[in-house]
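Please read the structure below before turning to the comments.
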């Protein structure tokens, strides 16, 4: 066999003349300090506001308990496999969502698309956290401000249910066109939406909201200041504490009278719904957004793992934990809605809502009916705060990691100041959301930023890894990390089932496209076009990236495309001792004949992973012999 190529001094990184290997060593990059950091960060990232305000309502509108059937099937088809794929890519390469495309430089645009989507989401997600902070401070009183009518922001339509309860109920009260005090508090006081005529007329900045937004960005910045070293510790609190509060709210909810009415609404199975395609699509969308696949967060977190961390086990813990949390949250929400519908004397479906309407109107109103209402209100909003924050950490960590891995020499030493720059920039972009018409912008961002763009990104990722990079190689990489190959279930999902399901989702999304609205307000055409452009721009990153990659190669067009789609020279595990089989000696500055020898010098003897490495080597030699014969 040929002698291993020795890298001439010129190719060695500029720092390594001093004897240390410069940025070639991912020690520079940092790692999680413990295994639990990674697991809790993933749980905190996946369990977000959507579990509380989207899932229960989706379940109730799509056949109650029967919705759990498509939910778990979709979890198995496009949740778990893609989750595992993303973790594997990150852990194997120890790179962020941009640099990971060394796996096939032609498709680097996918990484750019991801970063664009994540940035847009981070802008408005922090605004929701700002609203939560606003309500959190408002709950620190003996009397909740949205309890009664008669404040300066209330109108004549305001009707206080306490008055109905106390008054003589012999005369029927017509409550069809009245408004609850909590709804007027939200729209007329917090948002001050009457100051804006629509999305084109944002009005003035609401300074109290602006300060809340500043505060939420400050909290996020302080938590991600030292990268995963600091955020990995904060999640010990933010990922576990919501469960404590959720259980408290659950117990409080179930012991209220009328609670069962709500829970019946939530869980009565209507199996006829399962025949409509809409329910399956909704289930897939719920899985998709709630696991946060395609946002690059999972990839980023996994890239800070050690090479042999058991992500196979973690995948199942996180995905199933996420599903169970959603179902639990449904009980906590609907038991309270049942109690509320009994208090108001209206059916449950009139009080049930999704999204901000649930968190900032309906639930706060229900809180005012409880004894000790400020306490329960504070708890509820504190839960929302901790749920939202760790998802926001992930978005920020993704952006920062992606860019610093592209320019490790310049940015890695200055990670803290670079994080600050990004936080400030996103805060300034989010200022339009603090205006009187800011809610319209928030709805626009929410509807379009991570819609079909995200689907396209995930479908192409899936296809590139299985078709261009090759399923065989990908499975071999996982074998190197975990010591076993993914089974037929994962391979079938990656090759066919997941991409096909997501294609169906994409087509459905486009065919059944409905313009955005907020309450009775319809968005003007230019706003819709702006929204669609947001989605299309992230898809356009992919062909743009291809053009750039092809221009950097040499030869005819087809040769260039082939060149650019092959993994880069330095693709593979980042630590020398993990570079076995085909990854040996392709690192700059690598002069060792076989990493195995390095390993044996370092650790003495052969561990189970060395066995794996020898197995993989043998397998490849056999394959080569087969091809030659």
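Yeah, the Cβs are placed from backbone N, Cα and C, and that goes for glycine too.
What TrEMBL says about a protein is an automatic prediction, not a curated fact.
Summarising the annotation, TrEMBL assigns region 'Disordered' to 1-24.
Per TrEMBL, transmembrane segment is recorded for 38-56 (among others). A Cβ distance under 8 Å defines the sequence-distant neighbours of the transmembrane segment (38-56), meaning residues of its chain 6+ beyond its ends; these are 32, 128, 228, 231-232, 235-236, 238-240, 242, 266, 286, 289-292, 297-298, 301-302, 304-305, 309, 314, 317-319, 321-322, 325-327, 329-330, 333-334, 354-356, 358-359, 383-384, 387-388, 390-391, 393-394.
Counting only same-chain residues six or more apart in sequence, the Cβ atoms lying under 8 angstroms from the Cβ of residue 44 (Na(+) 2 binding site) belong to 235, 238, 239, 390, 391, 393, 394. The Na(+) 2 binding site feature in TrEMBL is assigned to 44.
The Cβ of residue 390 (Na(+) 1 binding site) has 26 neighbouring Cβ atoms from other residues within 10 Å, across all protein chains displayed. Under the heading Na(+) 1 binding site, TrEMBL lists 47, 51, 290, 322, 387, 390, 391.
According to TrEMBL, the transmembrane segment annotation covers 68-89 (among others).
Nonlocal intrachain contacts for the transmembrane segment (110-137), taken as residues 6+ away from its ends with a CB within less than 8 angstroms of a stretch CB, comprise 49, 97-101, 190, 208-209, 212-213, 215-217, 220, 294-297, 356, 359-360, 364, 377-378, 381-382, 384-385, 388-389, 391-392, 395-396, 398-399, 402-403, 426-427, 429-430, 433-434, 438, 441-442, 445-446, 449-450, 453-454, 456-457, 460-461, 464, 534, 537-539, 541-542, 544-545. TrEMBL lists 110-137 (among others) with the feature transmembrane segment.
Per TrEMBL, the feature disulfide bond maps to 149-158. Taking a C-beta cut-off of under 8 Å and a sequence gap of six or more, residue 149 (disulfide bond) has these contacts in its own chain: 158, 159, 160, 181, 184.
Here the transmembrane segment (234-251) has Cβ contacts under 8 Å with residues 36-37, 40-41, 43-44, 47, 223, 325, 328-329, 331-332, 335-336, 376, 379-380, 382-383, 386-387, 389-390, 393 of the same chain, all six or more residues outside its ends. According to TrEMBL, the feature transmembrane segment maps to 234-251 (among others).
What TrEMBL lists as transmembrane segment is 283-304 (among others).
Annotation comment: TrEMBL describes 316-340 (among others) as transmembrane segment.
Long-range contacts of the transmembrane segment (375-395) within the same chain: residues 41, 44-45, 47-49, 51-52, 118, 121-122, 125-126, 128-129, 132-133, 135-136, 139-140, 144, 216, 219-220, 223-224, 231, 234-235, 237-239, 241-242, 245-246, 248-249, 252, 292, 295, 297, 300-301, 359, 363-364, 367, each at least 6 residues beyond the stretch ends and with a Cβ under 8 Å from a Cβ of the stretch. Per TrEMBL, transmembrane segment is recorded for 375-395 (among others).
The transmembrane segment feature in TrEMBL is assigned to 416-442 (among others).
Only residues 6 or more beyond the boundaries of the transmembrane segment (448-469), in the same chain, are considered here, and those with a CB under 8 A from a CB of the stretch are 82, 85-86, 89, 103-104, 106-107, 110, 113-114, 116-117, 120-121, 124, 288-289, 293-295, 494-495, 498-499, 502-503, 505-506, 509-510, 516, 531-532, 534-539, 542, 565, 567. If you look up TrEMBL, you'll see 448-469 (among others) marked as transmembrane segment.
The feature transmembrane segment is assigned by TrEMBL to 489-511 (among others). For the transmembrane segment (489-511), the residues of the chain that approach it from at least six positions outside its boundaries are 74, 77-78, 80-82, 84-85, 277, 281, 284-285, 288, 451-452, 455-456, 458-459, 462-463, 465-466, 471, 474-475, judged by C-beta separation under 8 angstroms.
Per TrEMBL, the feature transmembrane segment maps to 531-551 (among others).
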Problem set entry | Which of 47, 158, 387, the listed recorded positions, has fewest other Cβ atoms within 10 Å | 158
For this session: Determine which residues of the chain contact the transmembrane segment (316-340) at the Cβ level, with the cut-off under 8 Å and only residues 6 or more beyond its ends counted.
Result: 39, 42-43, 46-47, 51-52, 55-56, 59-60, 68, 71-72, 75, 79-80, 83, 243, 246, 249-250, 253-254, 256-267, 286, 290-291, 348, 351-352, 358, 362-363, 365-366, 369
Seminar exercise, completed: Residues sitting within 8 A of the centre of the 47, 51, 290, 322, 387, 390, 391 CB atoms (Na(+) 1 site), not counting those, run 43, 44, 45, 46, 48, 49, 50, 292, 325
Seminar exercise, completed: Lying 6 or more residues past either end of the transmembrane segment (283-304) yet within Cβ distance under 8 Å of it, the residues of that chain are 29-32, 38, 41-42, 45-46, 48, 50-51, 54-55, 58, 62, 67, 70-71, 73-75, 78-79, 82-83, 86-91, 93-97, 100, 111, 114-115, 117-118, 121, 228, 311, 318-319, 322, 326, 391, 394-395, 397-398, 401-402, 450, 454-455, 457-458, 461, 501-502, 505
